[in-house]
Amino acid sequence: MTSSTTPARPAAGPAARHRRLPIGALRLPGPGRTLSVRWDPRATAVGALLALAAAAVGVWTLTTGDFHVPVSDVLKVLAGEHVPGADYIVGELRLPRLLTALLVGAALGLSGALFQTIARNPLGSPDVIGFTVGSATGALVTILVLGAGAASVAVGSVIGCAVTSAAVWLLAWRGGAAGYRLILVGIGVSSLLTAANSYLIARASFNDAQSAQVWLTGSLNGRGWEHVWTMVATLAVLGPAAVLLGRPLRMLEMGEDTAAALGVPVRRVTSGALAVGVGLTALSTAVAGPVPFVALVAPQVVRRLTRATGPNLLASTVMGALLLSLSDIAAQRMLAPTQLPVGVLTGVVGGCYLVWVLARQWRSGQG
Amino acid sequence: MSTTAPAVTGSPATPPVSAPPRAGRAWHARRAAGLLACVGLVLVLAVLGIGIGAKSIAPGDVVHALLTRDPRSDDWIVVRTSRLPRSLFGIVIGASLGLAGALMQALTRNPLADPGLLGVNAGAAAAVAGSTALLDLDSFSAYVWAALLGAAVAAAAVYLLGTRGRSRATPVRLALAGTAVSAVLTAVVNGLILLDPLTLNRFRFWQIGTLAGQSGSVLVRLLPFLGAGALLAALLARPLNAIALGEDTARSLGAHPGRTQFATMAAITLLCGAATAAVGPIAFVGLAVPHLARLITGPDQRWLLPYSAVLAAALLLAADIVGRVVLANEELEAGVVTAFLGAPLFIALVRRKRIAQL
């Protein structure tokens, strides 16, 4: 009667599995407050396995293709040695593309975990509530209307994403933005922006329309080192901020009132997480286009694998990296020699996953 | 939506907000007069729409060109070959989308139901892109069947997904199911149009939804589909009224809920599929207009359906005219205008407490 039928685990269960590692050196101001890290063996193992899988995808990506490069040569190139042929193919073509995929995927996974936690709903991810469409609109305006170069595309994307997220958040706000209202408002705003995007594409010249459409689908074709460095800088700034937010976000999952009673500055944590998530979404969209569903799926799959509560920020990041790099190599090889943009694959697979999640949830009578 | 109808009656000059429990003869007469006024509005908008454009034509000359035959006059040529088909398209497509939206909201008892949000447009779009890319079809009569099939499959998928489980389809569920199914179909469309540049070039103009550049012959081929859909809708008004009382009550009144639901789906598919195949996806008309019509008529489908059709025709004509005058040297397509008008309404509906809490 107790364990098999009730989905909710006994409250003591997960807490008992976590070891607390007090870090004495990091004593925070105030009596008896130490910074401790929750350590969940299962989550750690899942994270390590995901990282291994991503490494395997990396090896596969770097060695295979039209031109086979043995692992030893890849290692030499990585170490900076000169290998004729492999230098260019690995160092200039495959490696930057792989790194871009890993870093964009990581940013998307992390932003998905942040958004889903503050929306307290698995569907509150940036691609469902219109933030990616908004940054795409910003980028399309810079490309097609202002005719600006690659650097300003990022600026347009960030502005578009920030404006959209502010609009969605304000429109959904009625003494709190949580729940389905946020998602429905996001769906409304994104259908408005989709119309605007279609309009921009129809107005453009054919060549511009074609490249904009490829970009709008989400693609990693021809990504080079400049994209890698953009993403490295993004994650170097926003990653630590997300880590700092992880602990108060976990407490927010108990509800805003409880968290506030436990001393969490709810407003500040929510708006901080929103800002970090917007930055991650906007810059990864600027680099790879609005790649659909990675931000939605990564935290969801991680939650099923780790069975841990909380935002699972680190594992979601690794999962995002794995998902996008795997999708990209699959999209390149599936219809070879024709190369599909990666967004087609993540869109179809991620959309089917969403259908499955909804069907499962509703059959069991939730939502 | 709700079956409880408070008898809020204003002064004789202002119509009642919703239907009194028992509609008398005077009430029906007022509804009929209102409907006639709306038809008059559509005619005025049609004449205005024919007159406004790169070559402005005064309303009097428009009426003259419509009533006479003078192939040597520039006005006559412009009116008969380009402006008149365009206005007729606006009327026919608008009425179809309004009817489809009203049927959809009645069927799902969902105030957020709209062919665009529930994936019907995406289904038709995917089928059109598929048939142009894979089969190289380029004529309306070829891909209208594909669009109908795509619309039917997507509508069925969204409806089945949204009604899964024991509880009925809530607005949130159907909107999410529509989003999920549309997302998959959009990704498929993206893949198809990127593999074939020619398809992209055809598709990007179709995708925004426009009344411009339509020929009268397409309209003629469109009419059987839309006519069948509209006829079906007319036959469904009474059964849908019965179903609104609850399925058990409806059964005891002699209605067949299952049969009615199937016929409603068929009507929606015919109306939306054919309309979308002809002019591209036009969002939010089917969402907005039934809400507007319900303010005038109350929940009675026998009045709601005709009002929705006429008001939607007026809205689409107005959107087309607005799109022609709002920018200096360019045109804003009707589909873009309706999206910009409709999305705020959708958000206002979502913000209303009753829906947000579902």
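Keep in mind that glycine also has a Cβ here, set from the backbone N, Cα and C atoms.
Here is what TrEMBL records for this protein:
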type	residues	note
TRANSMEM	A:43-62	transmembrane segment
TRANSMEM	A:98-116	transmembrane segment
TRANSMEM	A:128-147	transmembrane segment
TRANSMEM	A:153-173	transmembrane segment
TRANSMEM	A:180-202	transmembrane segment
TRANSMEM	A:228-246	transmembrane segment
TRANSMEM	A:313-334	transmembrane segment
TRANSMEM	A:340-359	transmembrane segment
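Tallying C-beta pairs under 8 angstroms between the transmembrane segment (A:98-116) and each of A:43-62, A:128-147, A:180-202, A:228-246, A:313-334 places A:313-334 first. When Cβ-Cβ distances under 8 Å to the transmembrane segment (A:43-62) are tallied for each of A:128-147, A:153-173, A:180-202, A:228-246, A:313-334, the top count falls to A:313-334. Among residues of the same chain six or more beyond the transmembrane segment (A:180-202), those with a C-beta under 8 A of the stretch's C-beta atoms are 119, 121, 123-124, 128-131, 133-134, 136-137, 140-141, 144-145, 164, 167-169, 171-172, 174, 209, 212-213, 216. Residues 43, 46-47, 50-51, 53-54, 57-58, 60-61, 65, 97-98, 101-110, 112-114, 220, 239, 242-243, 246, 249, 291, 294-295, 297-299, 301-302, 305-306, 340-342, 344-346, 349 of the same chain lie 6+ residues outside the transmembrane segment (A:313-334) yet bring a C-beta within less than 8 angstroms of a C-beta in it. Below 8 angstroms of C-beta separation, residues 96, 99-100, 103-104, 106-107, 110, 114, 154, 269, 272-273, 276, 279-280, 283-284, 286-287, 310-311, 313, 317 of the same chain, each at least six residues beyond the ends of the transmembrane segment (A:228-246), sit close to that stretch. Beyond the ends of the transmembrane segment (A:128-147), by six or more residues, the same chain brings 115, 119, 153, 155-161, 163-165, 167-168, 182-183, 185-187, 189-190, 193-194, 196-197, 200-201, 203-204, 208, 212, 215-216, 278, 281-282, 285-286, 289-292, 295-296 to within a C-beta distance below 8 angstroms of the stretch.
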